[in-house]
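Scroll down for the structure; my scribbles are underneath it.
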Amino acid sequence: MLNVTDLRGHTPSKSDIRRALPRGGTDVVSVLPIVEPVVDDVQNRGAEAALDYGEKFDHIRPASVRVPAEVLKAAEDTLDPRVREAIEESIRRVRKVHADQKPREHTTELAPGGTVTERFLPIDRVGLYVPGGNAVYPSSVIMNAVPAQEAGVGTLVVASPPQADHGGWPHPTILAACSILGVDEVWAVGGAQAVALLAFGDDSADLEPVDIITGPGNIFVTAAKRLVRGVVGTDSEAGPTEIAILADDTANPVNVAYDLISQAEHDVMAASVLITDSEQLARDVNREIEARYAITRNADRVAEALRGKQSGIVLVDDIEVGIAVADQYAAEHLEVHTANAREVSERISNAGAIFVGDFSPVPLGDYSAGSNHVLPTSGTARFSAGLSTHTFLRPVNLIEYDEAALKDISEVVINFADAEDLPAHGEAIRARFETLPTTTADTTDTPDATA
């Protein structure tokens, strides 16, 4: 089922690897002309425009953008106890990890009386996007809200598409997760129009704009984020989900097959890639996939994803080359199924998250490992990171020098200012220690304004 790319027999360069690797991705640029008018319309008409687009795309118009408190409470009250237990345990684990991520204020002394203190200040108002679509994602509520809460964010807003099956409100499980987390501002709006409304708000509807928007979404959500970036902050652009598995002949082919299948279940564009130095493992995994995928509930979706150009098996000469291939692929999720898996994992430079060994599968990270599942995709893990407490914090420096400390460094500053031909910078320093000459304006030729 999976296509095979054979890199054996030579040492591939980085360029060779990037050209050879299966990669799908999404062409965000192609949908910008579709999304830009939506964003502009919501900026101009606010909530009314967002509701109009919801009616057009989601085939339902909620009674209001903001979900009433009683609807949130009812969703929590009627939640299946087993689902509630799962949500609460996942919140506990994710909160523990993200609480430990919060950096501490620190001060550096440059000279007696001269210090720089770095403080970490939370963003004031955050918009969290939770998609609808093929599945229900209360886990995305947890993964976005908990790090923001641990950062000390002032206000959280969750936006999620209205659903005709649920009275025009977002899915009840999403609403229940919001209620359990204490998020009481939830908007029944999805897609590009949700991103625009979060960015621009609507004073007439008492919908305040946010300062940053995070959370996954489809290509239209991603395009809208690109258009509003600069008006607000955003997290990294999320393409279709992906898994890479680096494995040798010690790997269990059944487990590897199931992990590839489970990621393909998300989306027909999802990518599932096996990187291995074992031709036997490659054959075994392909056989296990063929034998098992059809019994899953989402078999058609899985099959399309696994047969797509974005998925495949990459054969390499050895694990050394496998590590290089994994680094160039820079997977959203990377599993390592090798002898000495921890040692191999520590040599990986590029991945959104690394899952070490046979008992740390990606589905654990999707829900309850404690790590965050909002991760960079499409190779962007080479230069960006997943969502964390840091996403919602701004480092701010406090510079504090006394007179002696400034005088001690003043000559350096003045010389630098002169080198850059910015003499007023130097004079701003000198004026604190000496009386600088002034120019008295000659008013003899100035017209008398009262004449």
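Counting starts with 1 at the first residue shown.
Heads up, the Cβ atoms here are built off N, Cα and C, so glycines get one too.
According to Swiss-Prot, the region 'Disordered' annotation covers 1-20. Remote same-chain residues near the region 'Disordered' (1-20) are listed as 260, 272, 274, 282, 285-286, 289-290, 293, 303, 306-307, 309, 311-317, 321, 324-325, 328-329 (criterion: CB distance under 8 Å, separation of at least six residues from the stretch ends).
As annotated by Swiss-Prot, compositional bias 'Basic and acidic residues' applies to 7-19.
Within 10 Å of the C-beta of Tyr129 (NAD(+) binding site) we count 29 further C-beta atoms, all protein chains included. The secondary structure of Tyr129 (NAD(+) binding site), as reduced to three states from DSSP, is extended strand. What Swiss-Prot lists as NAD(+) binding site is Tyr129, Gln193, Asn218, and the listing cites sequence analysis.
Summarising the annotation, Swiss-Prot assigns substrate binding site to Thr241, Gln263, His266, His333, Asp366, Glu420, His425 and lists sequence analysis as the type of evidence. Within 10 Å of the Cβ of Glu420 (substrate binding site) there are 10 other Cβ atoms, across all protein chains.
Annotation source Swiss-Prot lists Zn(2+) binding site at Gln263, His266, Asp366, His425. The secondary structure of His425 (substrate binding site), as reduced to three states from DSSP, is helical.
Marked as active site, proton acceptor by Swiss-Prot: Glu332 (among others). Reduced to three states, the DSSP call for Glu332 (active site, proton acceptor) is coil.
Residues annotated as active site, proton acceptor in Swiss-Prot: His333 (among others).
According to its DSSP assignment, His266 (substrate binding site) is coil.
The NAD(+) site is set by Tyr129, Gln193, Asn218; from the centre of their CB atoms, other residues of the chain with a CB within 8 Å are Pro131, Ala159, Pro161, Gly190, Gly191, Ala192, Ala194, Val195, Gly217, Phe220, Val221, Ala224.
Taking only the Cα positions, the spacing between His333 (substrate binding site) and Asn218 (NAD(+) binding site) is 18 angstrom. Cβ neighbour count for Asn218 (NAD(+) binding site): 20 (other Cβ atoms within 10 Å of its Cβ, all protein chains included). The two recorded residues, His425 (substrate binding site) and Glu332 (active site, proton acceptor), have Cα atoms 47 Å apart. Take the CB of His266 (substrate binding site) and look out to 10 A: across all protein chains shown you find 22 other CB atoms. The binding-site residues considered are Gln193, Thr241, Gln263; of these, Thr241 has the fewest other C-beta atoms within 10 angstroms of its C-beta.
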